[in-house]
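What Swiss-Prot annotates here:
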| type | residues | note |
| --- | --- | --- |
| SIGNAL | 1-26 | signal peptide |
| REGION | 59-78 | region 'Leucine-rich repeat receptor-like protein kinase binding' |
| REGION | 97-102 | region 'Leucine-rich repeat receptor-like protein kinase binding' |
| CARBOHYD | ASN104 | N-linked glycosylation site |
| CARBOHYD | ASN115 | N-linked glycosylation site |
| REPEAT | 118-140 | repeat 'LRR 2' |
| REGION | 123-126 | region 'Leucine-rich repeat receptor-like protein kinase binding' |
| REPEAT | 141-164 | repeat 'LRR 3' |
| CARBOHYD | ASN150 | N-linked glycosylation site |
| CARBOHYD | ASN163 | N-linked glycosylation site |
| REPEAT | 165-189 | repeat 'LRR 4' |
| REGION | 171-194 | region 'Leucine-rich repeat receptor-like protein kinase binding' |
| CARBOHYD | ASN184 | N-linked glycosylation site |
| TRANSMEM | 239-259 | transmembrane segment |
| MOD_RES | SER291 | phosphoserine |
| MOD_RES | SER299 | phosphoserine |
| MOD_RES | SER303 | phosphoserine |
| BINDING | LEU308, GLY309, ARG310, GLY311, GLY312, PHE313, GLY314, LYS315, VAL316, LYS330 | ATP binding site |
| MOD_RES | THR325 | phosphothreonine |
| MOD_RES | SER383 | phosphoserine |
| MOD_RES | SER386 | phosphoserine |
| MOD_RES | THR402 | phosphothreonine |
| MOD_RES | THR462 | phosphothreonine |
| MOD_RES | TYR476 | phosphotyrosine |
| MOD_RES | SER483 | phosphoserine |
| MOD_RES | THR541 | phosphothreonine |
| MOD_RES | SER606 | phosphoserine |
Amino acid sequence: MESSYVVFILLSLILLPNHSLWLASANLEGDALHTLRVTLVDPNNVLQSWDPTLVNPCTWFHVTCNNENSVIRVDLGNAELSGHLVPELGVLKNLQYLELYSNNITGPIPSNLGNLTNLVSLDLYLNSFSGPIPESLGKLSKLRFLRLNNNSLTGSIPMSLTNITTLQVLDLSNNRLSGSVPDNGSFSLFTPISFANNLDLCGPVTSHPCPGSPPFSPPPPFIQPPPVSTPSGYGITGAIAGGVAAGAALLFAAPAIAFAWWRRRKPLDIFFDVPAEEDPEVHLGQLKRFSLRELQVASDGFSNKNILGRGGFGKVYKGRLADGTLVAVKRLKEERTPGGELQFQTEVEMISMAVHRNLLRLRGFCMTPTERLLVYPYMANGSVASCLRERPPSQPPLDWPTRKRIALGSARGLSYLHDHCDPKIIHRDVKAANILLDEEFEAVVGDFGLAKLMDYKDTHVTTAVRGTIGHIAPEYLSTGKSSEKTDVFGYGIMLLELITGQRAFDLARLANDDDVMLLDWVKGLLKEKKLEMLVDPDLQTNYEERELEQVIQVALLCTQGSPMERPKMSEVVRMLEGDGLAEKWDEWQKVEILREEIDLSPNPNSDWILDSTYNLHAVELSGPR
């Protein structure tokens, strides 16, 4: 007995300092965030849960922590906040994502943000920040995304930023910056888009020479090469020998110079690039233009063994570039039309400007007279659909925390497409197969922007319905009219895929006299109060029933028959974060009860899809607790 007591005392002495350290860390981070809350004006009570009496800020909405209860993410984008930032944010040593975009925050950017050495993404765009960009931000050695555009920042661009070798995306446009734009280090990768609309910036990338520097020489005019015959497998039906010879003569000097330069860089490769047709007036952002030959080699001649998937837009191939980087090459199938090259370049530019951690980032493109290809990073963990239904026995199933993270991440990506792209982008084919998973199983929305881009109108009528059966919103299928709410419907079905593990449309369910449409099948089980039967068997009982019910509630709100009644994706994000779901669900229940009482007839245009859009009794699920 005495020895047991001694062991207990020793363990207490060992563990108590660690516990004290954790409390101290949590208190510091909580105090810093509460200080931020005090200085911000919050008209929508977004920060209501930031209670200083709670030691651990990990319980607060819009705050994410790691397993050690350290804050790693603060998400307060598009929250209508005003006020200013506080230097105390510098104590969040493990913070990776600071998202404060699209608010009305004023004042300077605190130099203490340079202490956040684990920061990966700093998004302060679309605010009213003033003053200089802190030199201390150059210490953020892990930073990949730095977006300070659309503020009122002044002064010069700190040279220290060029030392951030990990920097992939930089946007300083639409400010009041002045002086020379650095062109060394990581800044050598960036194009005029990163610095646009800063009238007092100068340097080669801005096309405004700095005082005392020689004027820029305009580039020589580009001579369009004639079509060159290629192997018949790529659809060229012939070429005129004289034209080829003339084209070769005209372009002799350019390929020779390119070849000599290329040989100095890559002496072991056996192919070289020739100039491709390109409109010099179209800027393509921070994109690499690949040659067709380069992508042919990377994919082993677009071999069938390298096919990752097939879809309505074409096939996707796995490829390995000359430097060893794995990529996914999407080979688009489309009819060639007059002016199609310019349209393709314009759409590629729009896609490239949609940069968010939950969106699949376009790495480059290839355009020839016969081919259109897009190059993306390779996602080793595949898609949500493959992880749910096609995983090998050696791969563990997606657990419930991962599924929740996928739901929230994909919602954030779609919200960015709808609310922060100009023009906004409507996906039109949201489904589990188009939600990819990176190395950390973070959701990455793919295949966006491949349908026609939205203009500034609220809706767009297309000549062909894009999408997958089971995911298509009823109004889109019947009228061809799409909007953001079309994506919301598809997202709701994707949530049901996450919960059930099943396909959105599956004829195999007929064997059990079940509905082939996943939405109808789920509603049928809910009417029979068989919640446990719709849960993916791979989850077993390893999930929180309350959280499961809340995700189902969000899915049902997203799949309402009327697009006007569906929430926006930004509202979906807030509901998944725990903000506003109870009110939305209660409001929806009242509407459903009213429909039953007055026997409200459904829209006659939607009679055929009645089971998928109406008549779910309001008592199927308990409200949020």
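Glycine is treated like the rest: Cβ placed from N, Cα and C.
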Around the Cβ of SER383 (phosphoserine), other Cβ atoms found within 10 Å total 21
Over the region 'Leucine-rich repeat receptor-like protein kinase binding' (59-78) the mean pLDDT stands at 86
When the Cα-Cα distance from SER303 (phosphoserine) is computed for each of the binding-site residues ARG310, GLY314, VAL316, which gives the smallest value?
VAL316
Return the member of SER291, ARG310, SER383, THR402 nearest to ASN115 (N-linked glycosylation site) in space, with distance defined Cα to Cα and candidates limited to these recorded positions.
THR402
By DSSP assignment, list the helix, strand and coil residue numbers for the region 'Leucine-rich repeat receptor-like protein kinase binding' (123-126), in that order.
0 helix, 1 strand, 3 coil
How far is it from SER299 (phosphoserine) to ASN150 (N-linked glycosylation site), counting Cα to Cα, in Å?
40
What's the CA to CA span in angstrom from THR325 (phosphothreonine) over to VAL316 (ATP binding site)?
16
Counts of helix, strand and coil residues, the region 'Leucine-rich repeat receptor-like protein kinase binding' (59-78), according to DSSP
1 helix, 8 strand, 11 coil
Please spell out the DSSP helix, strand and coil residue counts for the repeat 'LRR 4' (165-189).
5 helix, 8 strand, 12 coil
Euclidean distance between Cα atoms of VAL316 (ATP binding site) and SER383 (phosphoserine), Å
13
In terms of Cα spacing, which of the recorded positions ASN150, ASN184, VAL316, SER386, SER483, THR541 are within 10 angstroms of ASN163 (N-linked glycosylation site)?
ASN184
